[in-house]
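S.K.: Submitted below is the structure of interest, expressed as structure tokens.
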Amino acid sequence: MPESQIIELGTLGQIPLYSLERALQDPLRAVKLRRQIVSQHQATGNIDFTTDGSALPYEGYDYKAVLGACCENVIGYMPIPVGVAGPIKINGKMVFLPMSTTEGALVASTNRGCMAINAGGGVTALVLGDGMTRAPIVRFPSLEEAGAAKQWLGSDAGFLIIEDAFNASSRFARLQNIKATAVGSDLYIRFTASTGDAMGMNMISKGVEQALEAMQKHGFESMDVVSLSGNFCADKKPAAVNWIEGRGKTVTAQATIPEHAVRETLKTSVEALVELNVSKNLVGSAVAGALGGFNAHAANVVTAIYLATGQDPAQNVQSSNTLTVMKNVNGDLQISVFMPSIEVGTVGGGTVLGPQKAMLHMMGVQGADPEQPGRNAQELALLVAAGVLAGELSLCSALSAGSLVKSHLTHNRKKG
């Protein structure tokens with residue numbers, strides 16, 4: 001079929017946009033024709049828009065990697081600037097942090113934080129917990145049956161049955177614990193499992209399906225699955241359960257900044273930083289009723305690293321849960337962050353794309369760790385926490401010194 005006919009039929013809605021790759025067996029050609037269809041469609045006809053005349057690029061991209069994994073109805077790709085902060089010394093290693101952002105001053109500020117941290121010997125960071133969660137809703141005919149199911153899930157015998165079924169779903173998924181809450185005759189069951197180097201949402205969802213099937217075969221035939229996700233997980237929304245129980249990687253990171261580095265590099269004082277952190281990040285956040293937001297701008301750094309490394313950017317909602325603490329220790333500044341729900345992976349999702357894969361490689365965490373599954377994803381979580389630590393340190397320093405507006409005018413505004 002001639003391209004002109006494909007475009008005409010697509011414009012009229014007789015060929016679905018999503019079917020072009022399958023019909024043409026050529027991802028790049030499908031993207032090119034879809035751009036033409038969008039340009040000639042009545043939805044764009046009255047705004048003088050053409051994809052070919054736009055600044056949205058489409059050539060020179062690996063659409064085979066995108067197909068069936070990352071995006072649908074593709075018409076191009078969105079270039080976002082990528083900068084590097086650092087290198088920063090973390091657990092004895094020097095690492096550059098890639099950050100993809102359009103916010104001027106963010107990379108420069110984080111880089112300044114890295115310099116100050118290195119002056120004190122670097123960051124020490126630990127993974128305190130590692131478990132992705134999924135929480136389905138199941139429904140029973142009566143409250144009594146829901147209560148019996150909750151009790152069974154909490155028993156050793158019940159857990160073993162569920163564990164066997166869950167673990168059989170994957171080489172890497174390993175069930176850690178189950179937490180069930182009954183609301184009337186509905187039961188919300190929060191499964192927590194390790195998922196290797198994958199972020200793990202698909203993996204754990206598959207395991208949960210098999211676990212629920214096993215449950216129905218062991219005395220709970222009347223149980224109906226309302227939804228595989230019941231928001232008790234909780235994914236991509238603020239939730240106290242993630243702050244308290246953790247989700248993904250639970251991480252803490254700490255550094256000591258010598259007084260001279262605070263004064264010379266950060267242009268402030270230890271006393272001013274400690275006071276500002278209490279007034280802003282602790283008291284101010286409490287006044288706001290913040291949930292997981294006891295920090296200055298953790299989400300800025302988390303999202304920038306996520307975009308650069310192929311993570312799910314929507315998961316910055318819970319991944320940015322951060323408590324920032326600053327103390328005066330013998331005249332020097334001790335700064336730490338606690339991040340209970342960093343959700344990252346080094347395989348799957350956007351990590352299959354070439355540019356994102358390259359940034360993971362630069363950080364030394366690309367792909368699956370062949371010797372210790374999960375180690376690369378844990379290392380990435382530590383690097384995210386180190387970046388957040390640097391970002392918190394620098395922004396709070398700018399606020400305490402009154403230089404925030406000046407720095408943004410320097411890096412975020414073009415003259416003329």
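Just so you know, glycine gets a Cβ as well, placed from its N, Cα and C.
According to Swiss-Prot:
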type     : residues : note
ACT_SITE : Glu103   : active site, charge relay system
CARBOHYD : Asn167   : N-linked glycosylation site
ACT_SITE : Lys236   : active site, charge relay system
CARBOHYD : Asn277   : N-linked glycosylation site
ACT_SITE : Asp312   : active site, charge relay system
TRANSMEM : 380-400  : transmembrane segment
ACT_SITE : His408   : active site, proton donor
S.K.: Can you tell me which of the recorded positions Glu103, Asn167, Asn277, Asp312 is spatially closest to Lys236 (active site, charge relay system)? Compare CA atoms only.
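M.R.: Of all the candidates listed, Asp312 is nearest in space.
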S.K.: Of the recorded positions listed here (Glu103, Asn167, Asp312), which is spatially closest to Asn277 (N-linked glycosylation site) when Cα positions are compared?
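M.R.: Result: the closest of the recorded positions to Asn277 (N-linked glycosylation site) is Glu103.
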S.K.: Here are the glycosylation sites: Asn167, Asn277. Which has the lowest count of other Cβ atoms within 10 Å?
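M.R.: Across Asn167, Asn277, these glycosylation sites, the one with fewest Cβ atoms within 10 Å is Asn167.
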S.K.: To the nearest Å, how far is the Cα of Glu103 (active site, charge relay system) from the Cα of Asn167 (N-linked glycosylation site)?
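M.R.: Pair distance, Cα basis, whole Å: 43 Å.
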S.K.: Taking the Cβ of Asp312 (active site, charge relay system) as the centre, how many other Cβ atoms fall within a 10 Å radius?
M.R.: 17
S.K.: Can you see whether DSSP assigns Asn167 (N-linked glycosylation site) to helix, strand or coil?
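M.R.: In three-state terms, Asn167 (N-linked glycosylation site) counts as helix.
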S.K.: May I ask for the distance between Asn167 (N-linked glycosylation site) and Asp312 (active site, charge relay system), taken between their Cα atoms and rounded to an integer number of Å?
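M.R.: Cα-Cα distance, Asn167 (N-linked glycosylation site) to Asp312 (active site, charge relay system): 25 Å.
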